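Enquirer: Dropping the structure in here first, questions after.
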Amino acid sequence: MEKSGYGRDGVFRSLRPPLVLPKDHNLSMVSFVFRNSSSYPQKPALIDSDTNETLSFSQFKSMVIKVSHGFLNLGVQKNDVVLIFAPNSIHVPVCFLGIVASGAIATTSNPLYTVSELSKQVKDSNPKLIVTVPELFEKVKGFNLPTILIGPNSEDSSPLKSRAKVLTFHDLVTLSGPVSDFPMVDFKQSDTAALLYSSGTTGMSKGVVLSHKNFIASSLMVTMEQDQAGEMHNVFLCFLPMFHVFGLAIITYAQLQRGNTVISMARFDLEKILKDVEKYKVTHLWVVPPVILALTKNSIVKKYDLSSLKHIGSGAAPLGKDLMEECAKIVPHGIVAQGYGMTETCGIVSVEDTRGGKRHTGSAGMLSSGVEAQIVSVDTLKPLPPNQLGEIWVRGPNMMQGYFNNPRATKLTIDKKGWVHTGDLGYFDEDGHLYVVDRIKELIKYKGFQVAPAELEGLLVSHPEILDAVVIPFPDADAGEVPVAYVVRSPNSSLTEDDVKKFIAGQVASFKRLRKVTFINSVPKSASGKILRRELIQKVRSNI
């Protein structure tokens, strides 16, 4: 095997220590998360940054036990689906784990969804019960399903409580009676624990089936570096949505199973994030590229003491080298690193090793322990060696079981050898570091050349007067497609279209040059921080 991890069989293998998974095949992800909690019962597990409500690990476990019995008393049975439709709060992980501990399957949904969008997920997943907040009740009442109201205002919702089938979180806990242990439910690690819907940036979202083993494996991969460093107590701020795999599996579940503290924040607010980092002495802040952009471009950052930060991690979309280096100046005593994962991989494929040695700034790091990969030629479907660009295929114990009720999509994504075809374009360098270039479907086809929008976007936001940018293909009779940019200027900027074109032209090959630049107020993005390129393309083409 080469130092890149590349073998003669065309497979890249992790260069990290082997992944040791629990041998008990009947272990649930809930039992796993609390396996060591008796060693630190009074340690804060969850803190609500909006209300300051705190649950110690002892209280957290006790509440999950009560909630799991509460769900059973409401008639929830093994393999039933329960929908969580709520913004972040400490009640979300409690309910998520309570659902799973009862033997049911948790599915989560974006609280910004319209009734129409939510209806599609309800129709697909067929939940028996909905967990939401009073503020969102109007969106779910038409489904006529039993509903649990959670959150700080749930006890003040007496008009809603008078409705049939509506209970509060307090009612759910009370239903359990005096219980002190989890329900007697038979589990296998291979059982389905959650149904998370992919963001659908390139089409209809699909239900990703994740098992107990997927969550357990992913959580160990994510926290391995902390274990190797012997770190005892870290504090993570979770403002990324818990309905998404990044907020749920990578930040919340993975860190709780290690005994770290997770601070829940209901919605993104840059100044509130900075205040909370200072107030709670946050050590780890995991973000998406738009937040890195905000941190580097906003002068408000200088008002706050961020010295507790040891680590800023970014995921969900590629992050350019220039932006990473700018962000690193904000945390001189910490490290800015990047990882790569997707819902289908329970959130992780690779992450940078930040424990010293040569940095490969701009890469998505080395394969996580237990993960294998291939870089496959888009044309020949043959595996490629280091420094060759192709589609990223991955496999390992964290890979999804498939798409819910969608065997055709499953077959197109997972092949007979267990490889998950990510649809992402990338390559490994000679040291085994993965570079994710872009989505294959989003490449701009210019006269036979392929132009990656993410590369141009990374260059654009490195300009001091550009706050954000998106690049999309525009139909062209001669070239097929040409790259055009939509740019958000900083306040008081006098930047012109020609200025932007020249800035890019001096850094790229001629076929990558921008043919048009339009200035806009904001770039459309999903809740997980991914650019909604498809929405913009459809809007632009409808006006041609």
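Glycine residues also receive a Cβ, built from the backbone N, Cα and C atoms like all the rest.
Sharing the record's features from Swiss-Prot:
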type	residues	note
BINDING	198-206, 338-343, Asp424, 436-439, Lys530	ATP binding site
REGION	269-338	region 'SBD1'
REGION	339-403	region 'SBD2'
Enquirer: Given a 10 Å Cβ-Cβ cut-off, pick out the one of the binding-site residues Ser198, Gln338 that has the most other Cβ atoms nearby.
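Expert: Ranked by Cβ atoms within 10 Å, first place goes to Gln338.
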Enquirer: Taking DSSP as the reference, which of helix, strand or coil describes Gly341 (ATP binding site)?
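Expert: In the DSSP reduction, Gly341 (ATP binding site) maps to coil.
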Enquirer: Please list residues from the chain of Asp424 (ATP binding site) whose Cβ is under 8 angstroms from its Cβ, counting only those at least six apart in sequence.
Expert: Met342, Glu391, Ile392, Val436, Val437, Asp438, Arg439, Ile440
Enquirer: Per-residue pLDDT averaged over the region 'SBD1' (269-338) comes to what?
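Expert: Here the predicted model's pLDDT, averaged over the region 'SBD1' (269-338), is 87.
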Enquirer: List, in sequence order, the same-chain residues at least six positions removed whose CB sits under 8 Å from that of Gly341 (ATP binding site)?
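Expert: Within the chain, Gly341 (ATP binding site) has Cβ neighbours under 8 Å at Val245, Phe246, Ile250, Gly315, Gly347, Ile348, Val349, Ser350.
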Enquirer: For Ser198 (ATP binding site), what is the secondary structure by DSSP, using just helix, strand and coil?
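Expert: Looking at the DSSP assignment, Ser198 (ATP binding site) belongs to neither helix nor strand, so coil.
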